[in-house]
Structures are given as structure tokens and as C-alpha cells.
């Protein structure tokens, strides 16, 4: 019971950190919302959910891993996808020690990105993919527990 409450609080905190603050300057416009890609990439959310179903089915532990990836991407300066950048100097977020030893989900985000690039090239950002994948992962893991 306590673990269930803790999990729900963690999910709420992660989702809240990914949401734009009211009145905050948002250089990209209105921010990510359900239906954001309806005009530019109508199948985006459907493709992410479809791929997440396969990913979570292959390994249930990737649901929480993607939620953690979202947390690390969004925690310091907002969700920008910088956690996905590979650094030549090995000094990027992705390489930070000791975090980099246990972060997972990079391959899965890249897998989803490849599907979206086939459908609508240069349209959906990695930051948005991380957010949608984490959202769908949490949904799918909770559905599986019912």
C-alpha cells in the first residue's frame, strides 16, 4: 500500500516537472499537450503508445526506467532532450557519473524516434518523445497491474 502511494507521488512529481509553469516564458509556444502533433504528425501519439506497448511487453522494468529518464532530462532546466546527447568528451548529462551507470531507456527513445522519423521526418523532438514514452510507460505498467 505504501509503495503504491509512493509510486503515485513519484509519477505526479515527474509529470508536474515536465509541465510548463503558468506565466513562464515558453519559447516553443504553448508547450506539449495531448493532440499537440495532430496537424504536423497525426499518428505521433499512436506510434509512441504502440511502440511502448512492445517495449513494456519485452521488459516491464523499462517503464520505470523511462520515467527516470524523463526526471533526469527535465529536473534542472526543463525538458530539452539533452539527456539523449552523446558527448565526444564524455562530459555530457548522459555520461555523468554515477547516474550514467544506471540510466536506461536511451535505445528505446531512439527506437521510437526512428519510427516517428519514418512517419514524419524532422517533426517530433526527442524531449517530446521522452515525455510521451514516460507517460505511456506509466499507463501501461499500471494497466498491467490491474
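Glycine is treated like the rest: Cβ placed from N, Cα and C.
According to TrEMBL, the features are:
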ACT_SITE  72  active site, proton acceptor
BINDING   73, 76, 78, 80, 82, 93  Ca(2+) binding site
DISULFID  41-120  disulfide bond
DISULFID  74-79  disulfide bond
DOMAIN    31-146  domain 'Plant heme peroxidase family profile'
SITE      68  site 'Transition state stabilizer'
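Features per TrEMBL, on structure.
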residue	record	Cβ contacts under 8 Å, 6 or more apart
41	disulfide bond	116, 119, 120, 123, 124
68	site 'Transition state stabilizer'	103, 104, 105
73	Ca(2+) binding site	79, 80, 81, 82, 83, 84, 93, 127, 130
76	Ca(2+) binding site	none
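Excluding 73, 76, 78, 80, 82, 93 themselves, the residues of that chain whose CB lies within 8 A of the CB mean position for the Ca(2+) site are, in sequence, 72, 74, 75, 77, 79, 81, 83, 127. Ranked by how many other Cβ atoms sit within 10 Å of their Cβ, the disulfide-bonded residues 74, 79, 120 place 120 at the bottom. With respect to their backbone Cα atoms, residue 78 (Ca(2+) binding site) and residue 72 (active site, proton acceptor) stand 10 Å from each other.
For the domain 'Plant heme peroxidase family profile' (31-146), the model gives a mean pLDDT of 91.
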